[in-house]
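Here's what TrEMBL has on this protein:
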- B:85-106: transmembrane segment (TRANSMEM)
- B:C161-B:C165: disulfide bond (DISULFID)
- B:C161, B:C165, B:H256: Cu cation binding site (BINDING)
Amino acid sequence: MGLFSTTSASHPAPKISSDGAPIAPDRTQRAKCWEGRDAYFQCLDKNGIMDSLTEKDKAEKSCAREGRQFEGNCASSWVTYFKKRRVMEYQRNQTLERLRAEGAKEMPGELGPGALGQKP
Amino acid sequence: MSRPLVPSRRLLSTFSQCLKHDKTQSLTSQCRQLTTLRTLSQTCLNIRPVQNGGRSEGPRYFSTSSSRTYKTVQEQRSRYRSGPFSWRAGLLFLSSGAALVFYFRYEKARMERKRVAEATKGVGRPKVGGTFELVDQKGDIFTDGDMKGKYSLVYFGFSHCPDICPEELDKMSQMLDLVAAHPSASSKPPLLPIFITCDPARDTPAVLAAYLSEFHPSLIGLTGTWDQIKDVCKKYRVYFSTPSNVKKGEDYLVDHSIYFYLMDPEGDFVEAIGRQHSPEQAAGIILGHVGDWKRK
């Protein structure tokens, strides 16, 4: 999806497996990354910022510390993904609410939070 | 409504006794004059003790049509009052009704599962799955032939996946434990959990081994060349977007479909399990299909 970017300098280089490929983040690394993400998004919420990619300067000014923590614990592709997903989920919820307000009926078997048209 | 109808047979026989055996003409005419069953029964019943008293000399007053005789008037009266209904009959009625309802529900669910399972069988059906040859996390060759004779749960993902794959793999582990813990599990074809990577450039067998070791021990991780992966994804109708020419050390994400594919022992697609299913629901779906297979 065109999320190519170089690995963040602050993010520790991944371990290399026996056949020379970088090992994916393990459970503890993932948990740490998610923690950083949640703290960052909490800060964005507090400052009324939804899209930290388009409102980059504002986010940088208000949540610099949380932002660095977030980027330090996650691969940069994950950072971009989470930031985009936050916006996407917000828009989806807005759409659902608007539809509900218009009196749309919910179909049985509603799709889960990570359903169609989402990143992995 | 049915109450006066059922004891009428017995009453009639008593009535016929009155007519046949009583030497006194007055009684016969008395019986004939009766119009309603209720008064008939009362009159005839009142007469019986007199008949019994004279049993030793006279002809025996047995009813030929009635198999049951009552020792006392009270017994017969109470039997008349309760009619054909007793707690035993009621219980039988209720239990057979409940059993029928249960059976029909069960059969309906089974037919529904059969419909889902056979939607992909036969000619002219969309084909999901097919032949492939990949490498597992130990470096051994794994083909679709290794899936034959077992139900398998196939998931496509990649180890550098930010959140959904690890969540789904944890869910898969729960599903596997739930299915294995089911009392009937040992007698059924075993369930083979398979993880196929959509990111063959980074997911080498060693990377998959390290990644999957944090999930379920029975998970089989498969990888291959980009073309092999592209081929198997196409056969499973899985959409993914790994760039084919990734440079070493590059950081990227893979966009892919996120469904579990339940495949039957013949290698045919049965049902897809998605994000909306809880591990319990998913295990229920799997156990339902696996249970059906045994009967075939």
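Every residue gets a Cβ built from N, Cα and C, even glycine.
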Neighbour count, 10 Å Cβ-Cβ cut-off, for B:H256 (Cu cation binding site): what number do you get?
24
Under 8 Å Cβ to Cβ from B:C161 (disulfide bond), same chain, six or more residues apart: give me those in sequence order, or none if nothing qualifies.
B:L253, B:V254
List, in sequence order, the same-chain residues at least six positions removed whose CB sits under 8 Å from that of B:C165 (disulfide bond)?
B:G157, B:F158, B:S159, B:I258
